[in-house]
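As annotated by TrEMBL, transmembrane segment applies to 12-30, 84-104, 116-137, 149-166, 172-196, 217-244, 295-315, 327-351, 363-382, 388-405.
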Amino acid sequence: MEKETRVVIKNIIYLLSTRGLTYVFPLLILGHLVKTLNADGFGHYAIIFSLTTYAQAIADYGFSLTSSREISKNIEKKEKVAEIYLETTTLKLLITLAIYPIYYCFCKLYFKDENIFISSQYAYTLTISGAFLPIWFFQGVEYLKIPAIMNLVGKAISLCLIFVFVKTESDLTASILAQSIPALLVAIYCNSFIFNKYIFIPIKIKKSNLWESLKDGWSIFVSSMSSIILTNSAVLILGVFATTEVVGIYAAAERLAKAITSVFSPITQAIYPYNCRSFSRSKAEGLRSVRKTGWPTIALAFLCTILILICSGYLTTLINFNDNSVFILKIFSLWILLGVINNVLGIQILCASSENKIYARSFLISAILSLLLMFMLCPVIYGVGAALSVTIGEFVLTILMYQYIRRKYVVSHS
């Protein structure tokens, strides 16, 4: 147990140290794009990235959690690990190819401007690179050094390309390619590293195993799509009821909030395999490990929320935000805290203990509520309504999961 704890702490420290600059890079990119593309151009940019986020969630399907969990449980069985890797990669790439015609048709209908439509097609490269990037594998074997370093390199290259090639409002396509091409190269390198580092004996992929993987990932897929609906639909819905300039103002605050949220991903990625193994031994041990890892994470998120509330005006001025983004960012500060709490409840407890269906059901309910609120509030108070809808949906998710966990693990064991 002490060795496992040291590995978790080592991974967290390493990821946080190597990702220090990768948290700065998105802020610099965001500030440059908001300033260069203006609110209208950034609105189109945000809508395109919202669509690719949907495509990425479908391509991932839920394997980022289920495959990572299975690898962590079978980490000593090289043949099983190889089998999981090959099956997961095959499925993700097949899904990516299968959904492209749907993505193409939707973009053709949504974007009336041909140049913006072309930009949206280049953006699909991000979906391909996301499907091909095996973060889930490194998470499962608890070797996060390589993806952390490559993420840093990829973000640095993107930053340089954006500052060199994105100069005017018409450089929307350049801003997309500057991020998608480095991401694809990083994905290719990470997979080549896996083949060199981990010796895979020839394994024939079985159709029955692929089908089982799809069934196992279904609940996570439902929750992932619900999460995307909860956090990304606002941009698309605003695009229907408001101008792209309004979308750009909202999206700038939303992307800043998401950039801040990404600070917690090294922590949650590092502790997830540890919690999975703890729950595989016993529920009591699993809950102990979550208490040990979850409370410090939530405390850090609370501190982050307070700092955002205090410094939001300064942050928006620093990176060229519209003044209307300040209040929206303050609303999102609460969303950040709730998001971290929900990761502890949903990922570190429910998913780690194989309670995927409960996690999916809770997410679906909160996503539907959030969507209804968006259609009610966005036509009236625009970006503020979108931010309130997302935050309320996140709060409902917290309540649903907490009530189930309390009944299942606390009351039943008292």
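Every residue gets a Cβ built from N, Cα and C, even glycine.
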Recorded stretch, among 172-196, 217-244, 363-382, maximising Cβ pairs under 8 Å relative to the transmembrane segment (149-166):
172-196
Per the 3+ Cβ pairs under 8 Å rule, pairs at least 6 apart in sequence, do the transmembrane segment (217-244) and the transmembrane segment (363-382) touch?
yes
In the same chain, which residue numbers or ranges, 6 or more beyond the ends of the transmembrane segment (116-137), come under 8 angstroms Cβ to Cβ?
44, 48-49, 51-52, 55-56, 59-60, 63-65, 67-68, 71, 85, 88-89, 92-93, 95-96, 100, 103-104, 107-108, 147, 172-173, 176-177, 179-181, 183-184, 186-188, 190-191, 194, 269
Non-local residues, at least 6 beyond the ends, that sit with Cβ under 8 Å of the transmembrane segment (363-382):
222-223, 225-227, 229-230, 233-234, 237-238, 241-242, 246, 250, 346, 388-390, 392-394, 396-397, 400
